[in-house]
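Have a look at the structure below before the remarks.
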Amino acid sequence: MTDALFAPPAADTLVARDRSVLWHPCTQMHDHETLPMVPVVRGEGAWLVGADGKRYLDAVSSWWTNLFGHAEPRIGAALKDQLDRLEHVIFAGFTHEPAVELAEELVRITPKGLDRVFLADNGSAAIEVALKMSFHYWLNQGHGEKTRFIALTGSYHGETLGALSVSDVALYRKTYAPLLLTPELAPSPDTYEGEPGETPKDIAIRRLGEMRSLLERHAHETCAVIVEPLVQCAGGMRMYDASYLTGLRALCDEFQVHFIADEIAVGFGRTGTLFACEQAGISPDFMCLSKGLTGGFMALSAVVTTNDVYQAFYAEYAAGKAFLHSHSYTGNPLACRAATATMKIFRDDPVLERNRVLAAHMAKRIAPLVDHPHVADVRQTGMIAAIELVADKKTRAPFPAADRRGLRVYRHGLEHGALLRPLGNIVYFMPPYVITEREIDFMVETAMAGIEKAVR
Ligand SMILES: Cc1ncc(COP(=O)(O)O)c(C=O)c1O
């Protein structure tokens, strides 16, 4: 007998049912009148398989979550085992092995000094936790005057109101601005914005100078500086020199403000090291993790912080210092088990070594785009590569946003079997680590053909 709900759906029926009841994220639903939605029935390694059997190379790791391929069997087996034991339990007053094991592992692998783990269930929630924890730390220390945050221009930290408050991507922020906190914005050290002749290090030094003057004026009222280490992802895969992070750590110490490292997108090997902060030799006060944490299987996030922060909340109940933040699914055992299985793959497989080979191959394949008349910049940090399309190479004048050139690349990708999802006019690659060199060739060639169509 076939359960009607789980019978393989006819592709157009599923799309029609979807369109009558669902509302998709980051989507103008009207677009789907002309842009067909893709019903997916299966994933295999770096590939997604559509209901009609068509295959799509997942060049964006399904919003940067997937590390070791879709339906990775080791993570799948751990989840199946966990399903028969414990699906969920309230995480206040109760604990379980997957959460403890995950926290021990995160303390072991994150930079020295990060010794305490708070769990939440998505990236934005982790940012909310870090912002509240930083504020509450200073309050518990008798500094209730610290109520503000500093973020970088072009930053993205999520879309709940707190996380959106410290984000600076107009597309997401502008409409909701009346609802948000107002952070101080420090100019981003990204290399695309550099002056002629400046090296990435020069840019970092100049931008640190600007951060210093911001801190001179605002440190007394500032809880923390929040940054995406090395790559500002949703802001257009803008990249910067690691020395900025080293300098920022020193400034945060000097001015007594916390350093929040949002490694939700760049953590777990994306930039070439396990964590991006390692390339600057620094340890933040809070590190936010999600996305790749479960290998792309389950929604989970973690804020890893210091014992100094933890101790500021640890007191008799009557002192009223406890951290007040809870999500029903905090520490979900299935999600934690997917995460411990993912961490085990990092221990068992030579992930970073292999990524170095793949990243070098990707660099070689995208290099010819440097000379393209509509490409202003080709940049790469580890397993993240981006190509910035412009109307005029000389002046770097962008294509008008209304042209939606990136969408043309996306359409071309879908027609030819690749899931490319440009950020505006920035075409980028952030594939699962199981991608092969031949698949990289296919991914880049498909994008190049899409770019040709898009700039015409
Ligand atoms: C750097 C960064 N921080 C936070 C988030 C928010 O994570 P989530 O989408 O799980 O809320 C994202 C999501 O893309 C991100 O890239």
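Heads up, the Cβ atoms here are built off N, Cα and C, so glycines get one too.
Remark: Tyr156 (substrate binding site) has Ser167, Asp168, Val169, Tyr172, Glu228, Gln232, Cys233, Ala234, Gly235 as non-local neighbours, by Cβ distance under 8 Å and separation of at least 6 in sequence. The feature substrate binding site is assigned by TrEMBL to Trp63, Tyr156, Lys291, Ser326, Arg421.
For Asp262 (pyridoxal 5'-phosphate binding site), the number of other Cβ atoms no farther than 10 Å from its own Cβ, over all displayed protein chains, is 32. If you look up TrEMBL, you'll see Gly123, Ser124, Asp262, His327, Ser328 marked as pyridoxal 5'-phosphate binding site.
TrEMBL lists Lys291 with the feature N6-(pyridoxal phosphate)lysine. Annotation note: Lys291 (substrate binding site) sits in a helical segment as assigned by DSSP. Taking Cβ-Cβ distances under 8 Å and a sequence separation of 6 or more, the neighbours of Lys291 (substrate binding site) in its chain are Trp63, Trp64, Thr65, Gly123, Ile264, Ala265, Gly267, Phe268.
It is 31 Å from the Cα atom of His327 (pyridoxal 5'-phosphate binding site) to that of Arg421 (substrate binding site).
Per-site Cβ counts within 10 Å over the binding-site residues His327, Arg421 peak at Arg421. Taking all protein chains in view, 28 other C-beta atoms sit within 10 angstroms of the C-beta of Gly123 (pyridoxal 5'-phosphate binding site). Checking the binding-site residues Ser326, His327, Ser328, Arg421 against ligand 1 with a 6 Å cutoff on the Cβ atom leaves no residue at all.
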